[in-house]
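Report on the following structure.
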Amino acid sequence: MTVYKSDFMRTLSERGFIYQCSDTDALDRLFLSETVTAYIGFDCTAKSLHVGSLVQIMMLHWLQETGHRPLALMGGGTTRIGDPTGKDEARKILTDEEIEENKAGIRKVFDRFLTFGDGPKDAIMADNADWLMGLRYIDFLREIGRFVSVNQMLQRDSVKLRLEREQHLSLLEFNYMVLQAYDYVELTRRYGCRLQMGGSDQWGNILSGVDLGRRLTETELFALTTPLLTTSSGAKMGKTADGAVWLNADMRSPYDYWQFWRNTEDADVGRFLKLFTKLPLDEIARLEALEGAELNEAKKILANEATRLMHGDEAAAEAAETARKTFEEGALAQSLPSIEVPQTDLEAGIGLLAAYVQAGLCASNGDVRRNVKGGAVRINDETVTDERRTLTAADLTSDGVIKLSLGKKKHILLRPV
RNA sequence: GGAGGAGUGCCCGAGUGGUUAAAGGGGACGGACUGUAAAUCCGUUGGCUUUGCCUACGUUGGUUCGAAUCCAACCUCCUCCA
């Protein structure tokens with residue numbers, strides 16, 4: 001491993017953030033000599049970012065931590081195009097309202113990890129809609145387009161794969177990387193930005209910006225990517241049956257977030273501790289050296305720390321306590337995620353199928369039926385064998401709730417109101 | 001512009017008139033085993049008011065008692081020719 005002199009590069013390197021970099025030595029020197037502004041772009045394709053973006057967010061956090069200036073770029077403009085990278089086909093076109101709503105949701109996350117303001121080291125949030133929306137086609141082609149090589153674009157994986165897989169690629173999507181490249185230049189002009197970071201899938205897009213920057217601003221710009229995050233058994237990070245592991249609390253509760261980290265595979269514990277917590281490396285080394293069941297302690301610490309960063313001390317402690325009661329005591333924890341149903345509905349009797357679908361434990365009635373057959377459905381810890389069972393006030397426990405479980409790990413409380 | 005080939009479920013991929021909600025694999029979910037892990041084994045994997053009905057094999061129409069399978073047009077991709 002290269003030994004870096006700057007705090008930022010050393011930290012990133014030691015903690016496993018670096019996958020590719022356009023010029024590590026020069027970048028290291030840059031970080032030693034000045035306060036560097038670096039950016040990462042986030043498209044507004046959903047109301048929240050998910051754990052897949054967390055590595056990126058942590059990088060911005062470390063950037064500020066080591067005395068530099070992070071810039072979070074909202075893709076308010078580029079989201080109107082849709083990044084073809086890694087996609088088989090164009091995503092559906094989002095409406096302006098959806099994009100604005102998504103942007104608002106995504107912004108919230110950054111307040112937890114960055115300090116914004118007007119000072120020289122305060123983080124900046126920008127939106128590429130500000131300069132992309134007003135572009136004029138012919139002007140843009142003449143000023144920027146002449147410096148963009150189609151030959152090079154065709155070599156980029158995002159494009160090449162599409163073509164090789166015999167899938168349609170529209171001019172709209174093809175332009176995405178040109179706009180991303182232009183973003184980089186624009187940020188260099190506006191904020192003196194010198195570095196763009198991103199996931200490894202963004203390497204091509206980022207380099208396009210570096211090339212364009214060299215031609216237009218005669219400044220050396222840098223590119224740095226993180227490794228694609230997969231679990232040791234090869235699955236993509238953060239993708240589960242119930243979808244992505246969202247960061248926003250209203251889309252995935254702190255308890256479920258905590259559980260996500262608690263269920264980390266053994267082989268990933270050390271790697272994740274380095275990437276997703278701020279624990280000192282010697283402490284991490286101690287934790288990942290644990291073996292067998294003892295590793296569970298390390299997983300709890302991982303869950304605690306990751307949840308703390310995301311949702312705060314209180315939420316993390318509560319999630320840990322809920323998990324302890326549920327899994328270690330087998331007791332009913334009042335703080336499990338819950339859904340509310342009107343008292344009157346309960347008195348009338350709620351169908352098992354409806355309850356599970358409403359709780360989000362199953363996708364459809366048929367899904368519940370299948371799980372009943374498979375013995376996965378339990379009410380108040382008793383296995384249900386009759387799919388036509390109804391839930392009534394008689395099912396309320398002494399705590400006044402009904403515990404719906406799917407499998408061993410998913411529990412939702414049903415609360416009458 | 002011309003000739004030929006292709007488009008199947010979350011993904012890959014078989015199927016070329018009824019027995020096909022569609023083989024097989026992957027993934028995912030559930031069960032067993034464990035440590036709320038991995039690996040392994042087993043089961044499940046379109047929806048619904050479930051002995052039935054509805055939706056689904058690029059899109060839209062058509063032929064037929066009956067179509068993923070035949071025909072037409074369109075969309076997209078590939079190969080060759082101009």
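First residue shown is number 1, and so on along the chain.
Positions of Cβ are set from backbone N, Cα and C atoms, glycine also.
Where the annotation comes from TrEMBL, it is an automatic prediction and has not been curated.
Worth saying up front: this structure is predicted, and the values here are computed from it rather than measured.
Secondary structure from DSSP puts A:Tyr39 (L-tyrosine binding site) in a beta strand. Annotation comment: TrEMBL describes A:Tyr39, A:Tyr176, A:Gln180 as L-tyrosine binding site.
The ATP binding site annotation in TrEMBL covers A:Lys239.
The feature domain 'Tyrosine--tRNA ligase SYY-like C-terminal' is assigned by TrEMBL to A:340-413.
Residue counts of the motif ''HIGH' region' (A:44-53) by helix, strand and coil are 3 helix, 1 strand, 6 coil (DSSP-based). The motif ''HIGH' region' annotation in TrEMBL covers A:44-53.
According to TrEMBL, the motif ''KMSKS' region' annotation covers A:236-240.
DSSP gives A:Gln180 (L-tyrosine binding site) a helix state. Around the Cβ of A:Gln180 (L-tyrosine binding site), the same chain contributes A:Gly41, A:Thr78, A:Asp83, A:Asn205, A:Ile206, A:Ser208, A:Gly209, each under 8 angstroms and 6 or more positions distant in sequence. Note on A:Tyr39 (L-tyrosine binding site): other Cβ atoms within 10 Å of its Cβ, all shown chains, come to 24.
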